[in-house]
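Here the structure comes first, spelled out in structure tokens, and everything after it is commentary.
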């Protein structure tokens, strides 16, 4: 378990007003009982936090603290924003380090190891979540975390990894070619990346106070349908509206557009932007991008100083597409065309976006798109000369 931290260390680490050792709890409560008003209660977070001591009266209130804390955590103060900004800076350095070395790497573990090492050397020894370094078709598995397969002839990597800094998370995903030339190895890989890039860029531009995040998610889905129609994945002759109404887009974009970021990578709030249930511990929840979209009326509105991810993706998951063949939505999908895209696995691009009073600020500094490809090319030339 390691050494017990001191009270001073606890005050500094958790930015709290008071801290006591657990051994003094019974004495402290007994002293409080002698002085309290008859209607006073001790407010605790969960029923299972009750001290293992019986009292004559029920002095513990367990209902009000969780929603109050959730509401407070949804909107960040300037101190929290700067810590999340710092976490993103460290993550950006780690993502850049991977891009600089990808041409020399041969296994997913090389990526995960370098990412973690870079974060640790820049003051962030903890990851906000388990690193996902998914090469080739592994990129179609949202929670792929084996990180141990050789690249072989695979086309690309979906790297979902973010540092934690002073208890605050970042959440960053980049997809890039496994290449020493900095070029997409196939037209199909490039086209899917550009489609997701368009999804993300248009959605980020929509972020501002008063916007219903569910509407931004719907826009991402519409763009995905438009792009997949252009590529022939959805059959010509079907309209965007028809495909959207059928739900067929969920085969390729099966998750929500984003979630809050804060003390947890999928942070709590008064009302989750994608209708996740906030009555369970964040550690016990599915990852944010797996939460089911809310109904139009229940989805939350964005407020200034919220920080949310914008993480669209397009995936070619063999199991999902095999199942789709048995469903009514199969009539919209050209499965012969789909065969050309399986090798891509999945493409996801994810940034952490601060909602400002009049728009947004992108806190994520990790290179993406053309900037990422340029780093791969430059590093390849440099490494060939050394």
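Every residue number used here counts from 1 along the chain in the order it is shown.
Glycine is treated like the rest: Cβ placed from N, Cα and C.
Listed in sequence order, 131, 132, 134, 171, 172, 173, 348, 350 are the same-chain residues at least 6 apart in sequence whose CB falls under 8 Å from the CB of residue 160 (Mn(2+) 2 binding site). What Swiss-Prot lists as Mn(2+) 2 binding site is 160, 171, 350, and the listing cites similarity to another entry.
Annotated Mn(2+) 1 binding site per Swiss-Prot: 171, 311, 350, in sequence order, evidence recorded as similarity to another entry.
By neighbour count, meaning other C-beta atoms within 10 Å, the densest spot among the binding-site residues 171, 311, 350 is 171.
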